[in-house]
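J.: As annotated by TrEMBL, domain 'Carrier' applies to B:2-77. Summarising the annotation, TrEMBL assigns O-(pantetheine 4'-phosphoryl)serine to B:SER37.
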Amino acid sequence: MSKLAGKTAIITGASRGIGAEIARKFAADGAKVVVNYSGSQEKAEAVVADIQANGGEAIAVKANVSDAESVKAMVDETMKTFGSVDILVNNAGITRDNLMMRMKDDEWDDVININLKGVFICTKAVTRQMMKQRAGRIVNIASIVGVMGNAGQANYVASKAGVIGLTKTTARELASRGITANAVAPGFITTDMTDQLTDEVQKAMLGQIPLNRFGAPEDVAKAALFLASDDASYMTGQTLHLDGGMVM
Amino acid sequence: MSTVLDRVTKVIVDRLGVEESEVKLEASFTGDLGADSLDVVELVMELEDEFDMEISDEDAENMATVGDAVTYIEKKQA
């Protein structure tokens, strides 16, 4: 099992949840991993230690994905440490849920800045290197609500729908340089984010899922691994729905 | 020591696969040398590496011909 042997992968927001799982998965498959975090240094370092304990290579790098300078510094550090950037997983994301009628401008702005502008900034930052290499894989973590909409998440939904559109444009602009861009749209995945939901809400959600269970971060990591590997070399601009059948 | 024009020409020939004789000062990247917009972006990136300088996006947008690039680089090096 070494589908990513010799590759370097930057994974944003990798200190916990889906991002941490992707980091572990990629490292287990041979990738040298940059575990990006913005606030949770200890958790990011724990992910790195975990990877190293299993014989993998990883470093933790702090960067705010919505700040171009800090992202550039992360890419520079990646190049200095590992010598290439082959894979970017745009995973960092936040929620600031509220009904649209009550949503404050800064709740809107915060989510769009991290979830959508962050993808733009990180993609732009690795593109130069990937163009030179004539190869690269960009995997964006969107969300199924970006496809179907969701009451109470106007900002999050707009950001994730934006990511799906950005994925298609990235795919078209960079295809001639051997760079692919695809997205994963997870449904309800059990993480810190979903654990905060009430039992009632969780039950209502299950009712919408034909497979009648929530997904695990591992499910998303497997799909991301596929998209980052040579197995997906003829696929670009696509969004994989990992949602137990919610949207068909 | 090769001139700025020699070095720019080499980068263009390598990147765009054109003949050296086609790389004239008045030749435009997109019109005469068959570059698409992404080729121009890459060309600027390689010129940055070749001459170890940063070319801002605004300046890059004003570079339409080989002569534009050579003049810009010579001015910046002076």
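Every residue gets a Cβ built from N, Cα and C, even glycine.
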J.: Once near-sequence residues are set aside, which residues in the chain of B:SER37 (O-(pantetheine 4'-phosphoryl)serine), 6 or more away, have Cβ atoms under 8 Å from its Cβ?
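T.: Residues satisfying the criterion: B:THR30.
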J.: Looking at the domain 'Carrier' (B:2-77) alone, can you tell me the average pLDDT?
T.: 94
J.: Helix, strand, coil: count each for the residues of the domain 'Carrier' (B:2-77), based on DSSP.
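T.: Across the domain 'Carrier' (B:2-77), DSSP assigns the residues as follows: 48 helix, 2 strand, 26 coil.
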